[in-house]
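One structure below.
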Amino acid sequence: MQVFHVPLEERKYKDINQFGEGDQAKVCLDIMHKTGAHLELSMAKDQGLSIMVSGKHDAVMKARKEIVSRLQTQASATVAIPKEHHRFVIGKSGEKLQELELKTATKIQIPRPEDPSNLIKISGTKEGLEKAKHEILLISAEQANSYTVSSVSAPSWLHRFIIGKKGQNLAKITQQMPKVHIEFTEGEDKITLEGPTKDVQIVHGQIEVIVTDLVSRMDYTEISVDPKFHRHLIGKGGANINRIKELHKVSVRIPPDNEKSNLIRIEGDPQGVQEAKKELLELASRMENERTKDMIIEQRFHRAIIGQKGEKIKEVIINFPDPTQKSDIVQLRGPRNEVEKCTKFMQKIVENSFSVSVPIFKQFHKNIIGKGGANIKKIREETNTKIDLPAENSNSEMIVITGKKANCEAAKNRILAIQKELANITELEVSIPSKLHNSLIGSKGRFVRSIMEECGGVHIHFPTEGSGIDAVTIRGPVEEVEKAKKQLLSLAEEKQTKSHTVELRAKPEYHKFLIGKGGGNIRKVRDSTGARIIFPTAEDKDQELITVIGTEEAVAEAQKELEALIKSLDNVVEDFMIVDPKHHRFFVLRRGQVLREIADEYGGVMVSFPRTGTQSDKVTLKGAKDCVEAAKKRILELIEDLDAQVTMECVIPQKFHRSIMGPKGSRIQQITKDHNVQIKFPDREDQQGKYYKVKEPADPLVPKKCDVIVLSGRKERCEAAVEALKALVPVTIAVEVPFELHRYIIGQKGSGIRKMMDEFEVNIQVPAHELQSDIISISGLASHLDRAKEGLLERVKELQAEQEDRALRSFKLIITVDPKYHPKIIGRKGAIITQIRNEHEVNIQFPEKNDENQVTGWSLKIFLHKCEMISEDITLDSRVHARIIGARGKGIRKIMDEFKVDVRFPPSGAADPNLVTVTGRPEQVDEAIDHLLNLEEEYAPDMSSSEEFPSFGAPVTNARSSPWGPKRF
């Protein structure tokens, strides 16, 4: 407990008549509430205020501080102590300062470290001011006697080397002398030391030694480089500058862009500094001579290019325009070769970034993907495109194809072909003047989207704006396409005559009610007035806006009807209805899902059921009058369904349950939705079939629990749902297929059978090879089995036809041909024999030496290539052989091609080096020999050994014995 006295002249609240009341009393109560201390006030004779504070010590001290600051007038004073002593007044984590403020009941303000002032400001009572000043001066005096401040001269650029990497060098000193405070000031060539005198002296000496050593072996320099080249000097990911630092063991500081400075500082070993300087200046000089090139690239491709990692572009700076400028000019700057390489690379990216969106009905997306993604993967690989499908839970039907334009078109056609094959899809072109296209599309596509939704989701494609093309394409089911065509033409006619538009507003929760179930309400308005009414979609920003378009009279009439409906919806009423408590749980189950659906459907009407356990049957409905009435009607329908609800069992073996459910339970969800029933599948039996204990032998007539599916709902709906479930039970049929064809049906690595299973959505089981069975089993939905069976039998017919073809091709004939004619039959590089094979569809095999030829093929197309051929030997001087043959056989090939003969020269080391063999038809052989002998005469004068040739005047001997053969004229 402590007593504090506040003199009259220092009291904040001096109105004696209000003692115990007013502001002073409120302040005291607030202090007690804040601190937990108890305050008792009394008035002294001198009109001073005595306050007795009781409680815990901390609470009393806090209360004292609050009393001084809130009930006593404040004075202020300053005290000057050396700046380096301020931190001792603050203490560790400010603890000393807090202690002083509590002890003296004052507020002490110490200037920030960067403030050069040494004045400490104190505010509080006169008594507190004196105490605080005294305490602060005592702390300063203590430090002055035991602490000293010193400084060491050190160039500022050496500071970081003194500190060391991650402060390692400095840490060694501070670990030895923890009481010494070392301060580095940026830009100043000194280091400040503060601490115990003896410790400061030791640290001063250590740092001086480090500085002297660094000055003797370190240097720095600054170079001036235009800031526009700094990025290039740094390189991609700092590659250039890091290489220079590592190579020359230096530190390089390149100023950031915001400094707009051209000074680059290099520090380190003197030699390394000079080498780094030289290399950086060379790089800068090279950049001054670099090439700058502008490319025109559509802005829509910029993001794709920026997003690329660009591993192939290392030395080029690419400047893209600001997206807000809507410019297509991209600037490249760098070495000439790299700029060219970058240009080609970017052109390739643009070429491969063509994109096209294909609208495909949502139900066919799974067929586009195929089993395990087989279809989509095949299309991607064969067209070399990227194909993105919308998420399964998305409402979008657009499939986006990216790649080269031609490839995108090919992929688009293949995807559309799949859709066309699966459904009765037609495509129709309607001619509508291009000037009306924008008005038919509407703001953000609102008008055309409303037509597409109303006509069963047909796809309507308008030509590109500005193309001048009038043709509008409509794609979808035949009936819906015709319906959309009529609406488009009707709307276009209205636009051309006297189209009028009006906008109305209604709360989004009213829209569903205004539209009505299946669009019934809004269709009535349209039919009666002839106006078109368009509601906002989920993507539209303004969710209240309803647009009415049509002739002026139709729009006015529709506007009147809609405004009346909206006005009635704004008339909020509260109503009650009686619902048996046994049905309450159905409505509030699953966090009130049924009630949420009712609210969505009927203009946001609020339905409140009584709390659980209250036994009340009164249900409150609040909302627009029409909505409340409609909601009541719907609740009564649901209750009627619940009262008429039955439970029915459907026995289907558990092994078929997974198949019935379908992927992610899609089939069962569809049945539940279509027939408005609840379906519960049993728990799975364990592997040993011991899900439940059986004390007595099971009755074979009683179904197992794990096979029983329970349905609940109206009787007629449950019965329809049971039929739908049974229709999903896979059926197995047997198809007889000759055993020898099984491997062809399976195909390479099972590709054939997988293709059939994907195509017909069935499972095909081929018996094991060792069974040698002809029976193939097909399992699946009954509706799929007939198609699968037909497909399998069709495949069997194809395979049997191929077998017959192979049997016919297996005929073999062996003929004898003299081996010396083989090269002629084969021809140059096999040209003749290939022609014979292709022309007569036969396979001809040439034997090894001394074997016979084998010809196999069609028995009715046996070809015997008989021709009258001769082979004649002539004597041709071996010295002219090389000239006749020519470089790489060019000369002799020309002769053989010209005369259609085969010419064989003797191999080296032959008994008669002058013997040459010519083979072919008789007349062609004669002509070829004449030509060869003429060449011999032509080349003879060039031979060095001319004495070996007879003179022209010498008598001619027998032609056959002449060394160059018979002379021919």
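Glycine is no exception: its Cβ is also placed from the backbone N, Cα and C atoms.
Check TrEMBL against the ranges 408-435, 548-575, 856-883 and you find coiled coil recorded for 548-575. Checked against TrEMBL, the range among 164-189, 372-397, 944-969 recorded as region 'Disordered' is 944-969.
With DSSP classes pooled into helix, strand and coil, the tally for the domain 'K Homology' (571-640) is 37 helix, 17 strand, 16 coil.
Long-range neighbours of the coiled coil (548-575) within the same chain, counting only residues 6 or more positions beyond its ends whose Cβ lies under 8 Å from a Cβ of the stretch, are 447, 491, 494, 497-504, 506-507, 510, 513-514, 525-526, 528-534, 603, 620-628, 632. With DSSP states grouped into helix (H, G, I), strand (E, B) and coil, the domain 'K Homology' (498-567) comes out at 37 helix, 15 strand, 18 coil.
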